[in-house]
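The active site, charge relay system annotation in TrEMBL covers SER249, ASP341, HIS376. Residues or ranges marked as domain 'BAAT/Acyl-CoA thioester hydrolase C-terminal' in TrEMBL: 223-431.
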Amino acid sequence: MFTPVLRFTVHRPCPLLSVHPSRCLVDEKFEVLCQHLLPALQVTLHALLQTEDGDYWEAFGHYLSDAVGSVRVSEDASLGGSYSGVEPMGLLWSMRPVPGSKTGLRLRKKDVFKPTDVNISLYEGHLNEGFKDKHPLASVVAQRWYTAPEVQRVEVKEKGLKGTLFIPPGPGPFPAVLDLWGGGGGLVEYRSALLASRGYVSLSLQYIGLTGDDGKPCIVGNDYFEAAFSILKQHPQVCPDRVAMMGLSFGVSVTLGMAAYSSVIKPKCVVCVSGSHVMPVNGSLADVFDEIKKNVKNSRFDEEQRVIWRDLLLPIPDDSSKKVEMGRIKCPVLLIVGEDDQNWPTSESAEDMKQMMKQAGNSHLLTVLSYPETGHLIEPPYSPHIKASNFILHETRNKVVVLWGGHTVPHSRAQEDSWHKTLTFLEQHLYSNDRVASRSNL
């Protein structure tokens with residue numbers, strides 16, 4: 001007698017790739033999860049974004065699915081790729097231009113009211129190239145934002161200034177930060193936008209690369225920064241006694257000089273990233289440039305002809321007239337130092353500032369965060385490490401490639417740690433009483 005044999009086909013669910021949260025600020029972590037894979041399957045997770053200049057950046061990690069066919073990036077180790085080990089945010093901080101890209105690229109956000117779309121794809125096998133020619137098992141898009149919902153952007157042109165003001169959502173008033181970038185010039189907004197998203201009115205101020213009424217380049221005086229500080233302080237959404245300054249590179253010279261000598265600028269605290277105090281006493285930005293020009297012969301080049309400028313201010317002078325008098329500073333100071341900074345002598349400067357403040361009796365105001373194997377460009381968390389990039393010289397308009405320094409993994413750790421400690425520092429000194437808008441309302 002014939003007995004029929006029943007056969008059942010088991011349909012395995014399609015591979016599932018998810019990212020949570022799929023929309024968040026750039027300084028927040030996300031969780032990447034792969035599910036419904038075969039157990040012990042070799043897979044590659046690939047992240048790709050396109051910049052506003054049309055360039056593509058990528059990162060990728062090699063994984064092995066677990067016994068239930070899952071990969072959780074926050075817990076599982078990458079076995080290779082652009083990063084290795086358990087690295088929850090490796091798909092972002094290890095990004096680099098795709099093969100064949102122009103040299104000397106630097107990833108910087110221009111329009112802060114548009115997200116950066118990160119396309120994350122899952123591929124079978126351990127791949128190192130040819131991603132665009134392969135069909136992914138699954139894909140998902142993660143949106144990374146510099147602006148929280150309802151952050152306002154206001155152009156500032158009063159008193160000859162060129163800047164952008166970012167205002168947090170809510171009734172205010174809020175503490176504020178005057179945000180100064182470095183020698184690259186231009187109006188850089190993304191850090192100010194992120195500060196506003198974290199509860200601070202922030203004024204990003206352009207001060208290098210400006211032109212006068214005659215169209216010729218001009219170097220601003222100290223009154224330019226005093227005007228900016230005053231406008232920020234007098235804004236109706238700002239607590240006038242809760243205004244800080246934050247500088248990067250050249251911005252540190254301005255920040256320290258203003259904090260020490262200005263009768264107008266009295267910051268509640270200052271944050272100094274990758275900078276120095278070497279400048280003539282009570283000097284201006286023009287004085288700093290003049291000092292650097294005197295030592296331009298000290299420029300060096302590495303084996304790839306990338307320029308190293310850290311020697312331009314070395315050795316740190318013993319002559320007190322050539323340095324900011326750190327003993328005059330009356331507010332808390334946070335110094336953020338990359339010990340492999342090839343652009344500025346930040347480690348030597350920090351040590352000298354520490355000794356100056358110790359001798360002056362105000363060292364209790366100083367906090368130093370010093371990071372080994374970290375370069376000059378210390379950006380918000382999870383930004384790609386830029387070891388070298390193109391740089392336009394303002395006077396000649398010539399392009400050079402500047403070596404900033406750092407090694408990718410420790411530099412990326414430093415970016416994350418220093419940003420969160422910067423926010424803690426600002427909160428400690430600016431959000432300390434009931435006169436300030438509650439952060440719980442943000």
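FYI, residue positions are counted from 1 along the chain as it appears here.
Backbone N, Cα and C define each Cβ position, glycine as well.
All TrEMBL annotations are machine predictions without curation.
Note that the coordinates shown come from a computational prediction; the quantities given were computed from them, not determined experimentally.
Local packing around the active-site residues SER249, HIS376 was summarised as the count of other Cβ atoms within 10 Å of each Cβ; on this measure the leading residue is HIS376. If you take the C-beta of ASP341 (active site, charge relay system) and look for same-chain residues 6 or more apart in sequence within under 8 angstroms, you find SER274, ARG310, SER347, THR374, GLY375, HIS376, TRP404, GLY405, GLY406. Summarising model confidence by region, the domain 'BAAT/Acyl-CoA thioester hydrolase C-terminal' (223-431) averages a pLDDT of 93.
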